[in-house]
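Engineer: Here's a structure for you.
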């Protein structure tokens, strides 16, 4: 059984993330979306909320699970008995960083491969950070996030502004 782990912050999940999850689900027997708990970062959504939002988006896939983790990614991958780390690449800059991380993970666990998946061109400019910036200035975000979470995101933005 081929198990892939797709790690990230997903704050919030984007259409680019979902596209990659869908494509990975067609290539692996099981895909685990691993939501990173980063205590040094104040997210828009709590870890539990991010897990729930992603679960809404991937509910139609029988072979996709969503779990949170903290600590080393490679420890989580081993615990889940996965053999592949899935990484999305939007740009050369992404590749440089992810290549270095893949080499580090390979050194820590040479039995685990890293697979790079190139982002679909129509999503290559989308990032969670950019979405948050657009939203903070009342910009329209529905073209950037999965339809399943547009309302959740809009409600959170209103509450963060103190309008709700």
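Backbone N, Cα and C define each Cβ position, glycine as well.
Pasting the feature list from Swiss-Prot:
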BINDING   9, 41, 73, 87  substrate binding site
BINDING   9, 10, 17, 88, 89, 90, 98, 123, 124, 125, 126, 127, 128, 129  ATP binding site
SITE      17  site 'Transition state stabilizer'
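Let's see these features in context: how buried, what's close, how far.
Structural biologist: In the three-state DSSP reading, residue 73 (substrate binding site) counts as helix.
Non-local neighbourhood of residue 17 (ATP binding site): 8, 10, 88, each in the same chain, at least six residues away, with C-beta under 8 Å from its C-beta.
Under the DSSP three-state reduction, residue 17 (ATP binding site) is assigned to helix.
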Engineer: Residue 126 (ATP binding site) has how many other Cβ neighbours within 10 Å of its own Cβ?
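Structural biologist: Other Cβ atoms within 10 Å of residue 126 (ATP binding site): 20.
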